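In what follows, a structure is listed as structure tokens, so that the remarks can point back to it.
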Amino acid sequence: MSVSLSFAASATFGFRGGLGGFSRPAAAIKQWRCLPRIQCHSAEQSQSPLRRSGNYQPSIWTHDRIQSLTLSHTADEDDHGERIKLLKCQTNKLMEEKKGEVGEQLQLIDHLQQLGVAYHFKDEIKDTLRGFYASFEDISLQFKDNLHASALLFRLLRENGFSVSEDIFKKFKDDQKGQFEDRLQSQAEGLLSLYEASYLEKDGEELLHEAREFTTKHLKNLLEEEGSLKPGLIREQVAYALELPLNRRFQRLHTKWFIGAWQRDPTMDPALLLLAKLDFNALQNMYKRELNEVSRWWTDLGLPQKLPFFRDRLTENYLWAVVFAFEPDSWAFREMDTKTNCFITMIDDVYDVYGTLDELELFTDIMERWDVNAIDKLPEYMKICFLAVFNTVNDAGYEVMRDKGVNIIPYLKRAWAELCKMYMREARWYHTGYTPTLDEYLDGAWISISGALILSTAYCMGKDLTKEDLDKFSTYPSIVQPSCMLLRLHDDFGTSTEELARGDVQKAVQCCMHERKVPEAVAREHIKQVMEAKWRVLNGNRVAASSFEEYFQNVAINLPRAAQFFYGKGDGYANADGETQKQVMSLLIEPVQ
């Protein structure tokens with residue numbers, strides 16, 4: 001069989017040669033032009049293999065719909081920018097005025113974080129918390145009778161990479177009873193702060209584990225007992241926190257909720273509230289522009305039209321990137337991650353649904369070797385898949401080399417090769433009807449969920465990346481595995497029923513049921529315990545030695561938060577209408593008033 005390709009001139013895939021796969025400028029290289037129109041001519045007709053279908057819904061976010069999104073207050077953007085600058089200056093003055101008042105400083109920092117504007121004051125907050133960390137024992141004594149302040153101090157330090165001991169809460173335990181003091185049971189604010197702090201538990205921290213059980217029980221009692229909690233902000237916060245703790249929430253959506261709740265609090269700061277509103281809407285406009293840009297790229301690429309078997313979810317893929325890193329200076333990562341997410345979905349559907357086993361073996365081999373010269377062995381649709389990934393990775397590698405003088409391509413190649421190898425292993429399991437043990441499944445499932453590729457992309461596209469940072473990435477940092485495992489298990493919880501119906505490999509719950517001969521409810525409870533253990537490991541890795549490490553750790557922590565957002569109530573990724581559409585509207589389209 002002979003195959004010829006007719007390459008359209010509109011969308012260009014650059015063939016990049018050179019040492020280590022490093023990209024050279026497009027003018028100096030040969031070009032592969034293969035999209036959006038591809039014509040395949042066969043010299044002989046052979047019977048097409050039987051293809052499965054995922055029966056996915058088409059995207060509700062068409063290119064025209066995305067391009068029609070309007071920016072809020074566009075005529076006043078310059079004025080809003082000046083107002084934000086003025087309000088930032090006022091907030092800096094406020095931080096100066098509160099020096100020496102530790103409790104008030106802690107409350108202000110907490111408000112800045114929850115209002116989503118702490119990134120404007122990163123250095124000032126870090127310096128303040130560094131001082132608190134140096135005086136931790138003295139401040140702890142100062143707050144010996146104040147549960148709220150003690151828990152807030154503990155949480156803010158841990159959230160920002162300072163390793164502090166759970167022993168700060170021993171003073172709130174009754175030595176004779178061996179449990180938390182009875183007087184705390186009615187302190188709603190203190191209980192709520194301790195509840196949120198308890199979700200930063202590390203391995204072996206029994207006191208925080210006790211604190212979670214204690215606060216959960218008594219916060220529920222306060223909500224249920226008539227007259228215990230009057231209507232107001234604290235009641236809203238308690239109900240909201242019991243649904244999902246702060247440490248596991250999608251930050252931008254939480255910010256929008258908190259702005260709405262805090263503005264009804266009579267003690268709120270009007271200037272700080274205005275800063276949060278203006279900043280939220282300014283970032284929302286930025287996100288709309290970014291989404292417009294990646295939508296043009298996606299439309300020019302033409303993959304959904306040429307390969308209609310996979311899930312076309314550009315807007316959702318961009319939203320993943322916003323969850324990972326929302327700040328303005330992370331656009332390079334958001335752009336590359338959106339593209340990577342699109343390709344992950346495409347290739348995942350090739351392995352899970354569309355490809356034959358023989359085709360998948362060939363594709364895996366070529367991805368491992370990163371060998372563009374071998375693509376003639378592939379069927380036409382796989383050539384398109386390979387070239388899309390190959391050229392996008394190499395183009396990103398060229399830009400990073402040009403701007404920073406470091407070669408990220410080997411690290412992205414490694415991540416793509418590992419992903420495809422794990423996809424291949426699971427495809428063999430499916431085609432042979434094999435059900436692995438839970439440990440055997442999980443051993444590779446944290447790779448096959450694509451988290452390591454996403455985090456490799458985050459690492460390589462970080463704005464402060466240096467050669468020294470890249471050298472450290474020869475092996476994955478310890479935070480990567482628990483982050484990816486949580487992504488995997490959230491995904492399995494939300495999608496396994498639908499994926500099994502399409503013909504996918506057995507997931508964590510089914511592997512546990514098969515191995516232990518237990519019903520689904522028991523298996524799910526066991527997987528929940530595995531997830532809690534991984535959260536403890538993840539929390540234990542929140543110690544950053546540099547701004548770059550802090551950025552990367554934040555992305556790693558946001559990975560399971562994104563999974564909770566998309567899969568907490570089913571498959572909010574594949575089934576992109578309903579709740580997911582509401583959240584997209586809230587974050588990307590509807591400004592705060």
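One is the number of the first residue shown, and numbering goes on along the chain from there.
Cβ atoms here come from the backbone N, Cα and C positions, even for glycine.
Taking Swiss-Prot as the reference, the stretch among 143-147, 348-352, 523-527 described by the feature motif 'DDXXD motif' is residues 348-352.
Across the fold, the C-alpha of Asp348 (Mg(2+) 1 binding site) and the C-alpha of Asp491 (Mg(2+) 3 binding site) stand 14 Å from each other. As a whole-number mean, the pLDDT of the motif 'DDXXD motif' (348-352) in this prediction is 94. Asp348 (Mg(2+) 1 binding site) has a Cβ environment of 18 other Cβ atoms inside 10 Å. Every protein chain shown contributes to the tally, and the Cβ of Asp491 (Mg(2+) 3 binding site) ends up with 22 other Cβ atoms within 10 Å. Over all protein chains present, the Cβ of Asp352 (Mg(2+) 1 binding site) has 20 other Cβ atoms lying within 10 Å. With DSSP states grouped into helix (H, G, I), strand (E, B) and coil, the motif 'DDXXD motif' (348-352) comes out at 5 helix, 0 strand, 0 coil.
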